């Protein structure tokens, strides 16, 4: 079988103007970026809000993944193609933009795989329409303005040692996690420690993905907490007057991007916060726009259902025009064997006992999603190494727990690799649902953390570090303890330790620190060892990437 990039490069895309027509976007409602991608204009966004009935919303999430991932984006794209091209229903796919750092690191890109991809994958995985570069510029401009304020005036007596904002770069670079700036004479600024986070982990990314228009964007930027004064008073961006300039840098990036799949299904790709350290969903503008343009919208939540899935249900959906109508949980045979602590070099070997043991992980994710009161189906992403005995056993286990289940092979067959699955998903969206959140908006921070830990992770106890206790007291002092919580946790385990696999229970969850993201409107609760600046592996994907003299790129995946 051809590589992902070979398949993508061999596909003839339609002009993006033709894709826009499929969802009733007019020529003057898109802004072209070449022949194959466009931004949807404010004129288009505002026009489609009027009158049309909202489409059905299908959320795709997954079990706890292996380090290689389980093909959630591939399933989202393939399922969208199947609903569109096999069932002939008006469909739109809404996905996150890939971060460039992991493309050159371990994970690779995020445009699907095989015959279920969004294109052009080189553009989307690298520079695309420039959104990530605009975000990086905005992040670092804000940091520079804050440092200049301290150097030039500092009438609010902002303490340079208590600045909470981080600089940003869309590259995996562990050397930038902690640095000292302003070294040398005072001519170079005020010396103090600083740090970088990868662009998608910055609060401005979360703000971009939650803002509903430019006024909301500007308001959220103004509400960002910069740090504290020497008198222990909070200082916000609006206190310094920088929100207008930063919003101007992001005004174009706020418009969603329109592309297509290999099978020419329209797709909106916009925003990309990580799910293990942020809320892990594409922009609210993208999903709401898709809901107004089509009858069926497929979107995904990052990592497993305990991370992106939980955050989508309890947080993201509060900002959307509607709740999900159905949830798809993606599972793979190999990941379940991994959850049974089978070593990675043996995952391709048939092992029914390991599959049965690892099923406990999938069982918990299914039941967690079902507790939200929305219909749930499991789609098994078929790998070449899966045996018929393993696939049959997994379907049997899922159905015995009361859930629908289908095996799909969108990667190898495109939309034809799961027509029955598409029919079942569409059928599920018509079932009645009774949405229930894990926690109430009026719950305290501690209550919200406790309910997620007990009901989703199945932890017994929660242990707060002294630092976390101090930060919680500080948040309460500022009157911000009514905000939603976003858990930052390893994606590989229900616990805060990535080595504890399966479906553990009655463990202690360790809360290391809390961070107020006032502009985004949530509190990040960090558990275990979570990094917002990844490093590169010993053998980075960059070593396999090349470009020929005609500009044709190879090695991306």
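Including glycine, each Cβ sits where the backbone N, Cα and C put it.
Now, the feature entries from Swiss-Prot:
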BINDING   66, 67, 68, 69, 70, 71, 72, 73  ATP binding site
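Summarising the environment of residue 71 (ATP binding site), the number of other Cβ atoms within 10 Å of its Cβ, over all protein chains shown, is 26. Counting other Cβ atoms within 10 Å of each Cβ, the binding-site residues 66, 73 show the lowest value at 66.
Long-range Cβ contacts of residue 72 (ATP binding site) within its own chain (separation 6+, distance under 8 Å): 60, 61, 62, 65, 300, 330. In the three-state DSSP classification, residue 73 (ATP binding site) falls within a helix. The ATP site is set by 66, 67, 68, 69, 70, 71, 72, 73; from the centre of their CB atoms, other residues of the chain with a CB within 8 Å are 62, 65, 332, 335. When secondary structure is read from DSSP and collapsed to three states, residue 67 (ATP binding site) falls in the coil class. Cβ neighbour density within 10 Å is lowest for 67 among the binding-site residues 67, 69.
A C-beta separation below 8 Å, combined with a sequence spacing of at least six in one chain, links residue 70 (ATP binding site) to 62, 63, 330, 331, 332, 335, 381. Cβ contacts within 10 Å of residue 68 (ATP binding site), excluding its own Cβ and spanning all protein chains shown: 15.
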